[in-house]
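My structure is below; once you've seen it, I'll send some questions.
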Amino acid sequence: MAAPTLEVRNLRTHFFTRAGVVRAVDDVSFTVERGKVLGLVGESGSGKTVTGFSVIGLVDPPGRIVGGQILFQGRDLAKATEAEMRDLRGNRIAMIFQDPMMTLNPVLRIDTQMIETVLAHKKVSHEQARQRARDTLGMVGIPSPDERLKSYPHQFSGGMRQRVAIAIALLHEPDLIVADEPTTALDVTIQGQILAEVQKLAQTTGTSLIWITHDLSVVAGLADDIAVMYAGRVVEHGAVSDVLDRPLHPYTAGLIGSVPSRNKRGEPLRQIPGMTPSLLSLPPGCAFRSRCPRAAEACLAEPEINEILPGREVRCFRPLTETAEQAA
Amino acid sequence: MAVYLVRRLMQALLVVLAMSIIVFVGVYAIGDPVEILISPDADQLERERAIRALGLDLPLWQQYLVFLTNALQGDLGRSFVFNEPALKLILQRMPATLELAFGAMFLSILIGLPLGLYAGLRPNSAASKTIMAGSILGFSLPTFWVGLMLIMVFAVQLGWLPSTGRGETCSVLGFIGLQPCSAGLQWSWLTGDGLAHMVMPAINLALFKISLVIRLTRAGVRETMLMDYVKFARAKGLSASRVTFVHVFKNILIPVVTVVGLELGSTIAFSVVTESVFAWPGMGKLIIDSINVLDRPVIVAYLMIIVMMFITINLVVDLTYSLLDPRVRLENKGT
């Protein structure tokens with residue numbers, strides 16, 4: 001089997017603010033194989049977006065990567081220079097942002113914004129760049145791309161803008177796309193179309209995807225693997241069907257329990273009590289302890305992430321394994 | 001576009017008409033020029049003759065109608081003091097003020113934009129903090145004092161630059177050799193000596209505007225740099241200079257253009273302090289003198305010209321918006 005597209009090892013990205021050091025990403029590891037989709041799941045503030053920005057090298061001060069490796073096709077991006085990163089960005093690694101209303105520059109035409117991306121990485125003529133832009137727009141399902149190239153972003157709907165953003169990400173057929181909640185701001189039907197589109201494109205081009213979201217139902221249909229983040233750490237990592245069917249970490253179980261489903265009609269939705277703790281003042285021990293129904297003495301110590309079942313990694317002293325279930 | 005322009009011109013006409021009434025009534029209310037113009041020794045007969053000659057015996061509304069009828073034929077009245085057409089008096093002084101104002105505007109953009117851009121991109125560097133501190137000085141130092149200091153240092157102590165006056169002047173046609181320099185509207189910037197005379201007053205006038213442009217640009221850059229589309233532009237692998245000069249720059253120009261436009265108008269209209277300090281024979285000096293002797297036709301004509309100038313500048317600013325920001329649709333405005 002070929003080397004994975006991306007291997008993140010013990011990544012730490014901290015923000016050095018006046019109020020103290022915020023450990024937005026603290027010891028995060030995961031792997032994305034070629035052509036596979038990793039769902040990065042967590043609540044707001046769990047560090048999933050910062051993880052994405054770390055991979056593409058766009059963590060802005062006061063934040064910086066303080067430790068770990070980001071191996072992209074065997075090359076450590078945490079040590080790459082800005083010029084090397086610029087070469088990769090938009091070319092081999094692309095990113096799609098959350099809010100399509102904000103990602104396109106309002107005062108530049110679509111063609112300008114697409115052609116500049118082509119020309120940033122390929123020595124081709126302006127005309128060839130335009131053709132590439134037009135073809136890619138057609139590929140993501142934008143009708144009459146020739147005309148649309150001459151439009152400004154405000155002349156597009158939200159869903160169309162996200163398609164344009166996706167087209168820009170696809171211009172150079174990247175090996176990896178970091179998608180930061182790209183469907184959150186869209187309505188459900190458009191979301192469905194975009195998901196199907198992206199899945200098809202990833203399969204045909206062999207592109208790997210990191211799909212950042214808080215929506216488990218999106219991950220269920222799209223991802224191959226899933227990494228659940230809580231307070232800057234991965235608390236559970238495994239194949240998507242395993243994790244969703246039989247969560248091991250109480251937090252994952254809580255997240256799944258809080259998704260509305262047809263089987264529980266009429267019942268109040270379960271929710272995880274409490275809030276995500278402030279990353280500035282994390283309590284010692286397991287960060288989820290104060291909200292965890294299974295918390296015990298042992299949880300006062302720092303849990304490590306361990307492979308407790310084949311292919312199932314979890315950061316918990318009291319995981320929801322069969323035996324633990326019986327004991328409880 | 002054409003519809004928009006016509007509509008804007010109609011609006012402009014209405015504004016000019018309204019302003020003419022306000023100005024006329026306002027100036028009428030200030031006081032009676034007769035008291036100042038006619039010697040106190042004059043007897044009743046002389047006084048009445050003078051009043052009739054100046055048209056001051058008619059009721060206000062008739063005076064206004066006379067003014068309006070003449071104005072429509074391009075005659076804004078004759079100066080009581082110089083006994084020359086007010087328009088001619090003002091136009092003679094206009095080049096001096098215009099070149100000073102445009103010179104100052106040019107300086108403020110040339111210096112203010114790059115400094116503001118730098119301060120916005122590197123907000124924490126020592127150079128940026130110096131720039132921002134300097135801009136506070138530019139805001140708060142009184143114009144007349146800076147002018148006097150400039151004269152003291154560069155004209156008196158160092159003797160590098162002339163202190164007062166416009167120096168040698170030339171007309172545009174004269175400059176390209178089609179007619180003698182002395183014919184037509186006279187400009188200082190067309191001669192070396194004139195340029196040397198312009199330097200200090202232009203800097204004096206520009207200081208406040210430079211500070212303004214610096215602060216506006218910096219604020220714009222800092223705000224725009226946080227926008228998702230800037231991050232997205234960087235995520236596309238664009239060079240830092242392309243992100244700054246295309247993606248950021250075009251977005252910050254809109255507030256800068258607005259303020260520079262308004263500032264240009266007020267500089268032309270009210271650069272009187274600088275003109276006085278440097279004895280620059282511009283319109284500002286003329287209007288102050290005219291107000292002192294209540295030379296009504298000149299005051300009214302001056303204010304009318306200023307109103308039209310502001311209207312023109314605002315129109316140009318609005319047209320520039322539509323060039324800068326595709327979301328501005330001119331056709332929909334003013335409805």
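Glycine too: its Cβ is placed from the backbone N, Cα and C atoms.
Quick paste from TrEMBL:
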DOMAIN    B:94-317  domain 'ABC transmembrane type-1'
TRANSMEM  B:12-31  transmembrane segment
TRANSMEM  B:100-121  transmembrane segment
TRANSMEM  B:133-156  transmembrane segment
TRANSMEM  B:195-217  transmembrane segment
TRANSMEM  B:252-279  transmembrane segment
TRANSMEM  B:299-324  transmembrane segment
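Map the listed features onto the structure and describe their local environment.
Listed as Cβ neighbours of the transmembrane segment (B:12-31) (distance under 8 Å, sequence separation of 6 or more from its ends, same chain) are residues 60, 63-64, 67-68, 71, 294, 296, 299-300, 303-304, 307-308, 311, 315.
Sequence-remote contacts of a segment are chain residues at least 6 beyond its ends whose Cβ falls under 8 Å from one of its Cβ atoms, and for the transmembrane segment (B:100-121) they are 127-128, 131-132, 189, 198, 201-203, 205-206, 209-222, 225, 244, 249, 256, 260, 263-264, 267-268, 271, 274-275, 280, 282.
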Are there residues at least six beyond either end of the transmembrane segment (B:133-156) with Cβ under 8 Å to its Cβ atoms? List them, or say none.
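Apart from its flanks, the transmembrane segment (B:133-156) reaches 162-164, 200-201, 203-205, 207-208, 210-212, 214-215, 273-274, 276-278.
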Short question: which residues 6 or more past the ends of the transmembrane segment (B:299-324) have a Cβ under 8 Å from it?
8, 12, 15-16, 19-20, 23-24, 27, 67, 71, 76-77, 86-87, 90, 250, 253-254, 257-258, 261-262, 264-265, 268-269, 283, 286-287, 290-291, 330, 333
